[in-house]
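Annotated in TrEMBL:
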type     : residues : note
COMPBIAS : 12-21    : compositional bias 'Basic and acidic residues'
DOMAIN   : 35-430   : domain 'Major facilitator superfamily (MFS) profile'
REGION   : 1-24     : region 'Disordered'
TRANSMEM : 38-64    : transmembrane segment
TRANSMEM : 76-96    : transmembrane segment
TRANSMEM : 103-121  : transmembrane segment
TRANSMEM : 160-182  : transmembrane segment
TRANSMEM : 188-210  : transmembrane segment
TRANSMEM : 251-272  : transmembrane segment
TRANSMEM : 284-303  : transmembrane segment
TRANSMEM : 315-333  : transmembrane segment
TRANSMEM : 339-361  : transmembrane segment
TRANSMEM : 401-420  : transmembrane segment
Amino acid sequence: MSMMSEKAGPGGEERAWRMKTETQGQSDHVGEVRRGRVILATYVIVTLELTFLFMQFGVMPYLARSLGLDSVGFGYLQTMFGVLQLVGGPIFGRFADQFGSRAALTLSCASASAFFLLLSISTSVPILFLSRLPTVFMHGLPGAQKVITDLTAPSERAAALGRLGLCFGVGIIFGSVLGGVLSTKFGIFVPVYFGLVGSLINTMIARVYIPSPVKQKSEHRETEHSTSQSGSVFNLREILRLMKFPGVMEIFLVKVFSGLPIGLFLIMFSIISMDFFGLEAAESGYLMSYFGVLQMVVQGLVVGRLTSYCTERTLLRLSVLVLAGVGLGMALMRTVWHYCIIAVPLVFAFTMLGTITDSILTKAVPSSDTGAMLGICASVQPLTRTVGPTIGAILYERFGVSSFGCLQLVVSIGLFVYLLKSKIPLRETKGH
């Protein structure tokens, strides 16, 4: 009776409210800690997968040459990789929406394991081409973006996605260095074995540390009622349906066209560095490392801060405008030192544009469709790698290096004018 009267007394309601608030605060704190651990595990997974991927990028030309594959055949091998990634991106995104982020990341890591296993037994050209098949589901970065998107509020999303670029930079630097050192000192297949073991470990990390489901219960109920959950992951109609949401097609086209000229330049960079800049293989590696460091700094330190003070519409216009300046600089570029200077705004605009467009597009569709949307976004670079070698070679042979800069300048100015005049509906948010 005394306890009941105490709760019913004047101070009882206040004490009950305090107990409820303290319990809720403790629950929120535990949830925040768990969320932080999941995000950290996601960063580790994507960093390791990108490191192993860039390790094999450096080894692949030498392995192909040792098997008797000429430059034309190697071009076919690279095109096959681009086509598989292009086809697999949207399918992987649909898979993530239907089966969850943990299943998607596990699939990506397991596919990487199969890729490195086939690569390790590649004693002939047919097996080398066969090793490319698992790459259709190697989409660790979109899988990680799916986890981050599910766990962050819209106002935090751009900054959180930007930090994934830090993982990308680490992957470029450590992957390139490790691939070169291991292949030089221990043999050409050692980086492949290293990637195989690491991918298997990565698969276990995804299974253990990524929960299922990642989304909150309220979001999960929304997912169950989404039309995107019906049908097969190969349903092209469901994938194209996302393009009909307000503003999605416009932003996606801006993403594709704004990055195309720079993408063509980067595809031809190995040839440009030899013929135009006159660099040796080691010097080209140093230049790529410099590019990776810039990307780490920009996406790790700059992108998040800018998203706290500027709207995404402003940052989108700023990125396109800076790309126009980059195009002008590339058109006037003559030495490798010019390129080192131009690389600073190039990396800023290129990475900012990718982060902001991904953030805008994921917020333009229901939360249950973010995986498919990220998969579509991930298909942009494979599309460039598929058509890029042919278009880039024609531009370089007929008009020289300056043609890439002129194309970037014209395209960026046109897109900037379009973004100023258009009224694309965006969910405007700023981080805090």
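Cβ from N, Cα, C; glycine included.
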Intrachain residues whose Cβ lies under 8 Å of the transmembrane segment (251-272), provided they are six or more past its termini: 243, 284, 316, 319-320, 323, 326-327, 330, 346, 350, 353-354, 357, 360-361, 364, 376-377, 380-381, 383-385, 388-389, 391-393, 395-396, 401, 404-405, 407-408, 411-412, 415, 418-419, 424
Counting only CB pairs under 8 A, let me know which of 38-64, 76-96, 103-121, 284-303, 339-361 has the most with the transmembrane segment (315-333). 339-361
Counting only residues 6 or more past its boundaries, what in the same chain has a CB within less than 8 Å of a CB in the transmembrane segment (339-361)? 145, 157-158, 161-162, 165, 247-248, 251-252, 254-255, 258-259, 262, 277, 287, 290-291, 294-295, 298-299, 302-303, 306-307, 312, 315-316, 318-320, 322-323, 325-326, 329-330, 333, 373-374, 376-377, 426-427
Grab the same-chain neighbours of the transmembrane segment (284-303) for me: Cβ-Cβ under 8 Å, and only residues 6 or more beyond its ends, written as numbers and ranges. 58, 158-159, 162-166, 168-170, 172-173, 176-177, 180, 270, 273-274, 336, 339-340, 343-344, 347-348, 351-352, 355
Contacting positions for the transmembrane segment (160-182) when only residues 6+ beyond its ends and CB under 8 Å are counted: 39, 43, 46-47, 49-59, 141, 144-145, 148-149, 152, 190-191, 194, 285, 288-289, 291-300, 303-304, 307, 351, 354-355, 358-359
Would you report the average pLDDT that the model assigns to the domain 'Major facilitator superfamily (MFS) profile' (35-430)? 81
